[in-house]
């Protein structure tokens, strides 16, 4: 079907006839610029006086112009060396906000019996706090290495691997579906960047939120204006 703007800023690329929220058992969110309003790595870089440099790499990665996401993240994290944990806490307290409709959508999903997964190419410093704030069931993201309260410019390997990139997001979605005993077609995946496309491609419903052009085009549904909870206009 041709993309159809069913109301201003809400576009359906693939027909989703009469879907109900209760048809699904899991919703997976990207964090940066999807569930929250910022790219955390860019804001941490601001404390090091390197925001422009880091943000340029982030933008290229999210547009899908960088083929090696892991290497791009390593480059950005290396530029954070010397930033204090206190500066990261300040980013969390003063700059990070949930995007409009985030809390309402998460609560509606929980009320309908869905489990909630947060998968991020960002960092546990932030995903753990968002998890606790919203009562999220599962998370996967990257650990920043610190020494004496300062970032070393490196990340810590975890039991599942080294970096949560697009492929790891896809694997985590599938793993979580396996744990729940459900099909990936019973999952919703929401994101904004190229590294969200692998998990969005596995889900029964893929939703782009204020996304890069390539992601808007490939998602089944695109929310281009308004809050995350606009999904509830389609999936009641």
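Using the three backbone atoms N, Cα and C, a Cβ is placed for every residue, glycine included.
Annotation source Swiss-Prot lists active site, nucleophile at 30, citing similarity to another entry. Here residue 30 (active site, nucleophile) comes close to 119, 120, 169, 190, 191, 192, 193, 196: these same-chain residues lie at least six apart in sequence, with C-beta atoms under 8 angstroms from its C-beta. The DSSP secondary structure for residue 30 (active site, nucleophile) is coil.
DSSP gives residue 192 (Mg(2+) binding site) a coil state; it is part of no helix or strand. Taken from Swiss-Prot, the feature Mg(2+) binding site covers 30, 32, 192, and the record attributes it to similarity to another entry.
Counting every protein chain shown, the Cβ of residue 32 (Mg(2+) binding site) has 26 other Cβ atoms within 10 Å. Here Swiss-Prot flags 32 as active site, proton donor.
DSSP classifies residue 121 (substrate binding site) as strand under the three-state reduction. Residues or ranges marked as substrate binding site in Swiss-Prot (evidence: similarity to another entry): 39, 76, 120, 121, 169, 195.
For residue 76 (substrate binding site), the number of other Cβ atoms no farther than 10 Å from its own Cβ, over all displayed protein chains, is 23. The secondary structure of residue 39 (substrate binding site), as reduced to three states from DSSP, is coil rather than helix or strand. Take the CB of residue 39 (substrate binding site) and look out to 10 A: across all protein chains shown you find 24 other CB atoms.
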